[in-house]
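Novice: One structure, pasted below without further comment.
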Amino acid sequence: MPSNKSVSDAPIVQFTNCRILRDHRLQREDLWVREGKILNPEKLFFDEKGSADVQLDCKDSIIAPGFIDVQINGGFGVDFSLATDDFKSGIDLVSKQILSHGVTSFCPTLVTSPPSVYHQILPQINVRNGGAHGAGILGAHLEGPFISKEKKGAHPEHCLRTFEAGAFQDLLATYGSLDCVQIVTLAPEMRRSSEVIRELTKRGICVSLGHSVANLSQAEEAVQHGATFITHLFNAMLPFHHRDPGIVGLLTSDKIPAGQRVFYGMISDGIHTNPAALRIAHRAHPKGLVLVTDAMAGMGLAPGRHTLGQQVVEIDGLNTYIAGTKTLSGSVATMDTCVRHFQEATGCSVETALEVASLHPAQLLGIEHEKGTLNYDSDADFLMLNDSLYVQATYIAGEEVWRQDVSGM
């Protein structure tokens, strides 16, 4: 049956012999793609009287939405918090390399830095679609400098800031511009943080709570003002205490506004979070869990000394520390590794392991109608994986942008 070219001249590709992650379960169906979007085959057959121009045998692969990393500081020797003359080529390199990890969209993350660094770097971060050139850029994640001194982690203390009388104007002066910003991490116990959270939320920017000594009521107040995310749960916050569980208590709080969901990031690298803590969080609030890598410049490189913004860090195996200390500083984990470790640690289903790295981050950012699912009319950003969840191929807008070399896994 010929294609109905009156609707579109673009070729229709039919991916066959696969299991598609749709509606929270793997379904044995074909995937139809045209012009970068996922097609509804019923409409194609009955409305357009169309058929596929190309058929691709997926050899029983799993097809899942592309991974979305909302907290990645760099990789492959590139540090997103370092103002360099070739910053754009650095971000291009990372976006290209993470295709092999199954990441099709990401938020380049800047750790606490001097205002001059934000002013130089942020104008060079442009929201853009992914493609053969690399993963799409959803906007920057600014982690700091409005965070707690006590829970600064790997963030340089001399660059930390507080909100003064101007509050939101202080933030604007520090960053210079919010044009490309998608997420801001701040400590909600800071004076005047509520008005900042409201202003950011009004502009469609996701506010995340982290690097904080907030108690539960302070965290709940921040959520009531619009905060929707927790930066790397358990790390750089007060430990859970039964009388005041702090930010961790948001996972089971009864003070969350109706219709609002609190999401929380977790670094599932086997280093930052004990498997038991992963299981506790997942069982307490499974629909809010978002896997993040928190990867830094040393990801993909040999052990040794690298940077994280203003700090020198040392990589020893999968451990990363501020040089000369035992303070953890980011990770060198890849997103596909985090997905596999998460499934192993929690014993969750394959579907769940894939959704915490795709659907949930898309829901967090409010882009689940375009990304994070394989629903009809959504972007055809997807992965082919084997049953062990190793990525075999990465597609963006229906085009293959990376494939595993068959000579070696």
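Even glycines carry a Cβ here, placed using N, Cα and C.
Residues or ranges marked as domain 'Amidohydrolase-related' by TrEMBL: 62-401. The Zn(2+) binding site annotation in TrEMBL covers GLU143, HIS211, HIS232. The annotation substrate binding site is assigned in TrEMBL to ALA154, ASN235, ALA236, ARG243, HIS272, LEU328, SER329, GLY330. What TrEMBL records for ASP294 is active site, proton donor/acceptor.
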Novice: Whole-number answer please: how many Å between the C-alpha atoms of HIS232 (Zn(2+) binding site) and LEU328 (substrate binding site)?
Specialist: 12
Novice: By a 10 A CB contact count over all chains shown, which of the recorded positions listed here is most packed: ASP294, SER329?
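Specialist: When each Cβ's neighbours within 10 Å are tallied, ASP294 leads.
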Novice: Non-local Cβ contacts of ARG243 (substrate binding site) (under 8 Å, 6 or more apart, same chain)?
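Specialist: Listed in sequence order: nothing, so none.
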Novice: Counting only residues 6+ away in sequence within the same chain, which have a CB under 8 Å from the CB of GLY330 (substrate binding site)?
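Specialist: Result: ASN73, ALA154, ASP294, ALA295, MET296, LEU308, VAL313, THR320.
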Novice: Work through the binding-site residues one by one (ASN235, HIS272, LEU328, SER329) and name whichever has its CA nearest to the CA of HIS211 (Zn(2+) binding site).
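Specialist: So, spelling it out, the nearest of the binding-site residues is ASN235.
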Novice: Let me check the 10 A CB neighbour count of LEU328 (substrate binding site). How many other CB atoms are there?
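Specialist: Taking every protein chain into account, the count is 20.
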Novice: By Cβ count within 10 Å, point out the most packed of the binding-site residues listed: HIS211, HIS232.
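Specialist: Counting Cβ neighbours within 10 Å, the top one is HIS211.
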Novice: Rounded to a whole number, what is the top Cα to Cα distance in Å among the residues the record ties to substrate, namely ALA154, ASN235, ALA236, ARG243, HIS272, LEU328, SER329, GLY330?
Specialist: 30
Novice: Go through GLU143, ALA154, ASN235, ALA236, HIS272, our binding-site residues, and report the one whose Cβ sees the most other Cβ atoms within 10 Å.
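Specialist: Buried the deepest by this measure is GLU143.
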Novice: Roughly where does the domain 'Amidohydrolase-related' (62-401) sit in mean pLDDT, to the nearest integer?
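Specialist: Averaged over the domain 'Amidohydrolase-related' (62-401), per-residue pLDDT gives 96.
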Novice: Other than GLU143, HIS211, HIS232, which residues of the chain come within 8 Å of the Zn(2+) site, judged by Cβ distance to the Cβ centroid of those residues?
Specialist: GLN71, GLY144, ILE147, GLY153, HIS155, THR185, SER208, GLY210, THR231, ASN235, ALA236
Novice: Take the C-alpha atoms of ASN235 (substrate binding site) and GLU143 (Zn(2+) binding site) and report the distance between them in angstrom, rounded.
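Specialist: Rounded to the nearest whole number, the Cα-Cα distance is 13 Å.
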